[in-house]
Amino acid sequence: SMASPALLMRVVASAYSVAEKAATIVRNVMSAGDLGIVEKAGPNDLQTKADRLVQMSICASLARKFPKVTIIGEEELPTDDVTEDLIEDGHCEEILKKPCPAQYTGIKEEELVIWVDPLDGTKEYTEGLLDHVTVLIGIAYGGKAIAGVINQPYYNYEAGANAVLGRTIWGVLGMGAFGFQLTEAPAGKHIVVTTRSHSSALVNECITALNPDHVIRVGGAGNKIIQLIEGKASAYVFASPGCKKWDTCAPEAILHAVGGKITDIHGNSFQYTKDVKHMNSAGVLATLRNYDYYASRIPNTVKESLVP
């Protein structure tokens, strides 16, 4: 008889379905027309009804199936008033059929930490820049991002009224990443993707030093990693302390699964243990290829300004 799938593959298969449910919630809140916007730390730090409902849905659905896993979400929310219609019990069969990479077959529930950004690109969501929006579920083990799910609820939204909306990208270290076409950025071109709404003198100083051919300013960390893996940008550079662990965990796993690299501005890798601080205070540098080229060009003045 077939051995039951390894825990990691069951978690990823569930996270896939949970992310698809999340996308439906995101689209439903938008089409109902009342976003329920709340300012958290200021006008660029927003929370909507979608952020709240999606986080409750993801965390409650995964906690019910995997009660000993640590789940850390972006929003501060009560956990006890989750209605049954927010629970997603399904899983992706295709993922369960894939063999778990050998180094992860013995993982126990209590060794996993799941980092959840229910709606990455909230500001863009409120402004109608819907392709910037992602739902992020990152899975960490031993402090390292090892698997991730990125859902784009509005992928394809400009393709007309009958287009099928949304897609789910997922990956596991040692296995690869799926749900998109891996593409490298044009050779010899230096295209930098960076923040749209959190710019600063330091952010711009850093980008200028890289002497890019082109700069793309978009919202969402998930969205920026998608730009890298689909060949639209060659580097994601953010010389600022604003990014958090739930922004980078899922994207990191997917980027690393296809041979890319993400670190802070100093070149330190991110840690994802359950007791780690949430802020990635030394910024972000990520590439699919040619990481060293960009890392070597980050000015020391920028590095000195950003303390890990």
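Every residue, even glycine, has its Cβ placed from backbone N, Cα and C.
According to TrEMBL:
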- GLU74, ASP117, LEU119, ASP120, ASP247: Mg(2+) binding site (BINDING)
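Recorded features from TrEMBL, shown on the structure.
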residue : record              : Cβ neighbours (10 Å)
GLU74   : Mg(2+) binding site : 22
ASP117  : Mg(2+) binding site : 31
LEU119  : Mg(2+) binding site : 30
ASP120  : Mg(2+) binding site : 26
ASP247  : Mg(2+) binding site : 27
Not counting GLU74, ASP117, LEU119, ASP120, ASP247, residues with a CB within 8 A of the CB centroid of the Mg(2+) site are ASP51, VAL116, PRO118, GLY121, THR122, THR134, VAL135, LEU136, GLY220, ALA221, GLY222, LYS244, TRP246
